[in-house]
Structure formats: structure tokens, C-alpha cells
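Q: Encoded as C-alpha cells, here's the structure I'll be asking about.
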Amino acid sequence: REKFIHLCNPHLEKMKEDILYHFALGTDTHDFPALFGDVKFVCVGGSPSRMKAFIAYIAEELGLGSPGCDYPNICAGTDRYAMYKVGPVLSVSHGMGIPSISIMLHELIKLLYHAKCSDITIIRIGTSGGIGLEPGSVVITRQSVDATFKPQLEQVVLGKTVIRSTNLDEQLAKELMQCSKEIGQFNTVIGNTMCTLDFYEGQGRLDGAICLYSEEEKLQYLKDAYDSGVRNIEMESSVFAAMCNLSGVKGAVVCVTLLNRLERDQISSSHDVLVEYQQRPQKLVGYFIKKSLGKV
């Protein structure tokens, strides 16, 4: 049975027009079903350039584009986010941190709803700091946990604290893990992902402008995180998981680790190595999409 997007907002039904301001799109100015109605897979990631590279990669993998073909930015009317499309795949940038991806997801979910999309899978692809893993390992998130290792998103709405679940689709995670085994090119694990509000103190780094804890305290914290099941740290997964759950969308987070945080705080690998690492989530998700479409 087809599953359509569920909007947890009764007020939208009363609106004659819905303006997706940060996408520079609107229901009165754009035909959402014509533009996006065939979308089945949405991949989101931090940087516009990475998401443009992904759409070029998936176009070639699906045989839908020629080498060197340019893909226009659908959100060219704004500099907040970038969006690219080829066939049933939509690729969208979300910026850095929970506030940025939250704004993007509100408008993305409404876009998919207005386009009457069904059976949607949304996957975040990105980079992260690993815990106890070799750099270049790929982590498929089981649960997103907060900085106290609880699988929840704590959000203040109208002055009151709201707690939302951050579990991700278990079956989708297993399918992605199986795809990685079939590719057989890099180490992949399923584990918890810690989502923080900050890159420095929030992740226990020693190299920020402010640091009022010892190296021993930092290492103990990261070891405690590892013992609780955390295998990587990033800054978007909690609100991603919560919003997918509330909207009835299958979601997954697939991030490569750029370093082992038990060994260092700063990323020291060469540019070429980092570029190859960043392509690993793209390869995994690209293979998953091909397999889902019967093209493997």
C-alpha cells in the first residue's frame, strides 16, 4: 500500500498558498506534482557542492545523464539551500547543525506533501567524528542520541519542553548494511550516533577557543559514549530522525568517519583522502537506490 506524507499541522489546510520561503518555491508559483511527483528517494547533506556532486553521481549510476551534464539548482532564487533532481532522486543541502536542517526539513516535507509523493525514503549522507573506528568507516545510525546518550530530541515549543523519539527505520538500516556487504569496499557498522549542539565543547574537543575540562575527562566521556553504543558524532541526526518519525517517512543516516576521536581532535588526513572518504556514503546510498529500482 502506498504511504503518503503525513503533516502534523491542521493549520496548513486553511492556507490558500504555502510559500516555502527558504527554497524560493510556492504552491501558487510552482506546480509541485509536476516538478516533484515522481520522487521516491531524497538524499540530504550539509554542503551544496556535495549534493550537486551526488546528483551527478546518481544520474550516471542510473543511466539518466551524460558525463559532464550540468544540473540546475532548483532553489536558485535563494542562497540558503540548494536542490537538484534527476529521475526519482532529489538531492538537497541542509547546512550545518540542528537549526539549519530543521528549517530545511519543514519545507522539504511540505514540498513532498504538496507534490503528492508516496513511499518516500529520506537518507542523510554526511561526515562525522568516529569513536573507536578507523577513519573512513561508515556508520549507519540505529538511534540518534543526545549528549547524555539518551535516544531523544529535547525541544522547547511555546515555552514548554517537548521530548521526541529519535529512532530510525530498523529495516532500512539493515538493507543499507546488506548493500555495503555486497559492495565490499569499506568497513561499515550499525551503531548509535550522538547528535550535539556544538562542534567543540559539545563534542569534548580540546582545541576550541574555550575548554574548561581536562584531557582525562574528555577521554572518559568518549569512552562512556562508546560503551553506550555510540560509534560516531555529528550535529543533525536527532531532529532528522524525529521529523521523519512524525511525518511517517522512512529515514536513515549514513555518515563516514573522518577521524577516531579517541586518538585526536583535529582532522589531519590529506585533501584527496578526505574526498575519497566523503564519497563512501554516496556509493552506499547510490547502490541502495539502484538495487531498490532493480538496476543492480
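Including glycine, each Cβ sits where the backbone N, Cα and C put it.
Where the annotation comes from TrEMBL, it is an automatic prediction and has not been curated.
Since we're looking at a predicted model, the values are computed, not measured.
Feature annotation from TrEMBL assigns domain 'Nucleoside phosphorylase' to 40-289. The annotation phosphate binding site is assigned in TrEMBL to ARG80, ARG124, ILE125, GLY126, THR127. As annotated by TrEMBL, substrate binding site applies to GLN203, ARG205.
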Q: For GLN203 (substrate binding site), what residues in its own chain, 6 or more apart in sequence, show a Cβ-Cβ distance under 8 Å?
A: GLY129, MET194, THR196, ILE233, ARG261
Q: Please name which of the binding-site residues listed here, ARG80, ARG124, GLY126, is nearest in space to ARG205 (substrate binding site), Cα against Cα.
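A: Ranked by Cα distance from ARG205 (substrate binding site), first place goes to GLY126.
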Q: Mind looking up the mean pLDDT for the domain 'Nucleoside phosphorylase' (40-289) in the predicted model?
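A: Summing pLDDT over the domain 'Nucleoside phosphorylase' (40-289) and dividing by its length gives 97.
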Q: Near the Cβ of ARG80 (phosphate binding site), how many other Cβ atoms are there if near means within 10 Å?
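A: Step by step: centre on the Cβ of ARG80 (phosphate binding site), count other Cβ atoms within 10 Å, giving 18.
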Q: CB neighbours of ILE125 (phosphate binding site) within 10 A?
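A: If we count other Cβ atoms within 10 Å of ILE125 (phosphate binding site), we arrive at 27.
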